Amino acid sequence: MAREQQAAQTLFRLSGVSCAGCVNKIESAVQGVAGVQDARINLADKTLKVQGAAAPQSCIEAVRQAGYDAEVAKSSERQRREEQRAQEERHYHQLLWRSAIALGVGLPLMAWGLITDKMSVNSFADQLAWGVMGLITLAILVFCGGQFFSGAWKALRHHSATMDTLVALGTGTAWLFSMLVVLVPHLLPEAARHVYFEASAMIIGLISLGQALEVRARGRTSAAVEKLLELQDTSARVLRDGKEVDLPIEQVQAGDQLRVRPGEKIPVDGMVLEGGSLVDESMLTGEPVPVKKGEGDNLAAGTLNKNGSLLFRAEKVGADTRLAQIIEMVKNAQGSRVPIARLADKISAIFVPVVMIIAVVAALVWFNLGPDPRAAHMLVVLTSVLIIACPCALGLATPMSVMVGVGKGAEYGVLVRNGKALQQSCNLDVLVVDKTGTLTEGSPRLTDIESEGDSDELLRLLASLEQGSEHPLAEAVVTAAHEKKLDLQKPSDFEAITAHGVMGVISGKKILLGNSKLMQRENIPLGDWKARANNLAEAGRTVMYAAVDGVMQGIIAVADPIRDDAAAAIARLRKLGLRLEMLTGDNQASAEAVARHLKIDKVHAELLPEDKERIVAQLQKDGARVGMVGDGINDAPALARADVGFAIGAGTDVAIESADVTLMRSSLHGVANAVELSRATLGNIKQNLFGAFIYNTLGIPIAAGVLFPLTGMLLSPIVAGAAMALSSLTVVSNANRLRFFKPSEVH
Amino acid sequence: MIATLVNTIGVLLIIAIIWWFWLGPRRGAAKTVAVSEQLQIVVKDGVYEPDHIRLPSGHAATLHFLREDPSPCSEWVIFPDLEISAELALNKETTVEIPAAKPGKYPFSCQMQMYRGTLTLE
């Protein structure tokens, strides 16, 4: 129901609307249009939402008649993003301007102070000159730093203190003290008649510059989502009344038939109706080899059609496409916090008021115990401590790295659900791997056929017989015969004997296919076939005996083949320090054969789904941090129990919803990529936290003057301002280094 | 004389800071809404307004954030205990879905932890 409503909803952007009075006028005008069920205006973003089947043009006409203007808003995520970018750009330029103006006043003033050393008020002329300078600086504080003061005031009223509070207090104190010197110099001792107007202007300028650079650097951290958004096409070629029409993507509905030509992007999720082509899914799955798509295959929005034309039916559109879900998930995960941030969070929460107290205490110490000029020293210490102490860098340390890390993962087909999963993936001890479909391809294949005579003829007979069987192994035999293009016949007198095998008559010959029990039952001696069968069974294959007219003719072996890249991926995971254990419902012999081949440490075979969860729980009880890899649906309980569940290959909605980490490709390399990414991200977070902690823990004492006995100098508030501006920038830039992360092996 | 004055001001300032930020009563800012009501939280000048929101527990709810603050810190709002985060569009309303959750206090903040608020489910 909700979805139907959404489909019939049109968003308009209004112009000329400025007051609440206009709202009623437009709403009632539009409600009069035939087919409109509801019309709502949002005054904040000047949009009109119309529900119902009315034609957009009629609604626009109604708005025009009411004296305003409207246009259909393309409210796609991409559009929104572009607007956001434009606004960010404006903010960036605004900050640059503010910085330039403030530094334009502050720098010459500072140069004057350094060159002439005449920054004191000793005469009426000084009072006058510095008074004018004070007013100019006041203008700088109001126009370039106004937002710090309004923010500080608002936060103060809410009993909270922010970075604005520190900046406003620092610069405000410097200015007020200087103004006091200008107005009543005679009240102060001669040595303390120094003005600090340049400090106020410089601090505002430097912090604005730092913020501008931060806005720039931050823009880059979310590049991953932007890349994903760019995968979404803006229009689609839809078949309407036998014609192909280009429509905006928002108007495509589930059930529509769409055409994609070579070189075009698939606009929505769907199923191929006609045609065949190679589709490059690398942007979504990280899989570099294009996948062959034909009738009945699924297509995903955002993937690239390479060489053929495809007609397909739209199945999921808009926010339901897998790409949209991925974007949503990446965005959500990017904003989540990692457990390691907890301490930093706690510190940030109480930091500002604590710093204010430290600043006052330090100022009082200097005033009471410090050398002359005490008042000047007190002011420098107070201002410097306030300015240098901003905990922004501390607050940014983790979210910036998580943002880049999660985005980077998406690029390699590793979807991390939240920051917690990202952190936990880095220190796993054991990786428990489901066999079928993860280490192996998941569908049995005929691997060996040994016969007395023509093996193709034997295969033809056996496949003809197995056509009637529903056993999964039968499918492997039939598929192998199809691949060899053998002509199959229908069997007569077909019989499936439970737990034994099958028998039937083909071209007058009685064919038997089954295990040794079947042959015993039919009194057919196995001869030396038994030894050959045992060899194959030891290699992990399921062996069946074949007899024609009561005589053994050969054996066939079926196995679920190991994935091409499984051995390399396992070797990589072992190198990363993980112990590997295999879980499978399959028999012990096959499981052990696979484990031997892949060098897996331990095997748990013949399990039921609930056993898998129990094994994970047992490992955890023994103190191990357990990662579980499975294909998402039957392994769900174990995936949920594990410290980190990796849903592999599925990429289905369920897996995306439920797993901690979803790997878009069916390869264990994805797990190795995820572990490497997680370690890189955690390393980055630790660097950031270290940087931010060091900066605050060293910065505050230095600003408070602990180095004074050694250097004879106090930290200038200007240096404190520059350091503060640099701190956040350093953290954001360091987080951006993660963008260069590459897994140790790219497949 | 001046020394006493300065020291007294300093000590009073410390007491005022402790009282204002930690001990003092918090007035007025809380806002209680029914689930059906639309609650708009304006993000401006370094604060969420209202910054204390009360909602009945056990029901899903939607919060409407209107970000008027271009500062990049305000770009995200994070409810760490509810595992919710949302990117707030500038000068546009962004809805944040709050799932049905147990009664309790759920703090929310911007990425830098400078903008802070509390959601109380009761």
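Including glycine, each Cβ sits where the backbone N, Cα and C put it.
Marked as domain 'HMA' by TrEMBL: A:8-71.
The annotation transmembrane segment is assigned in TrEMBL to A:95-115 (among others).
The feature transmembrane segment is assigned by TrEMBL to A:127-153 (among others).
Packing against the transmembrane segment (A:165-188) from elsewhere in the chain are residues 121-122, 126-127, 130-131, 134, 137-138, 141, 145, 148-149, 151-153, 155-156, 194-197, 199-200, 203-204, 207, 352, 355-356, 375, 379, 382-384, 386-387, 389-390, 717, 720-721: each is 6 or more residues past its ends and has a CB under 8 Å from a CB in it. The transmembrane segment feature in TrEMBL is assigned to A:165-188 (among others).
Counting same-chain residues at least six beyond the ends of the transmembrane segment (A:194-213), those with a Cβ under 8 angstroms from any Cβ of the stretch are 92, 95-96, 98-107, 109-110, 113, 119-121, 130, 133-134, 137, 140-141, 144-145, 148, 167, 170-172, 174-175, 177-178, 181-182, 373, 376, 379-380, 383, 387, 716-718, 720-722, 724-726, 728-729. Marked as transmembrane segment by TrEMBL: A:194-213 (among others).
Look at TrEMBL and you will find A:347-369 (among others) tagged as transmembrane segment.
Residues or ranges marked as transmembrane segment by TrEMBL: A:375-398 (among others).
The transmembrane segment annotation in TrEMBL covers A:689-708 (among others). Counting residues 6+ beyond its ends, the transmembrane segment (A:689-708) has Cβ neighbours under 8 Å at 340-341, 344, 351, 355, 358-359, 362, 366, 370, 377, 381, 384-385, 387-389, 391, 393-394, 396-398, 714-715, 720, 723, 727, 730-731, 734 in the same chain.
Summarising the annotation, TrEMBL assigns transmembrane segment to A:714-732 (among others).
Across the domain 'HMA' (A:8-71), the prediction's mean pLDDT works out to 78.
With helix defined as DSSP H, G or I and strand as E or B, the domain 'HMA' (A:8-71) counts 22 helix, 23 strand, 19 coil. Within its own chain, the transmembrane segment (A:95-115) has Cβ neighbours under 8 Å at 133, 136-137, 140, 143-145, 197-202, 204-206, 208-209, 211-212, 215, 718, counting only residues six or more beyond its boundaries.
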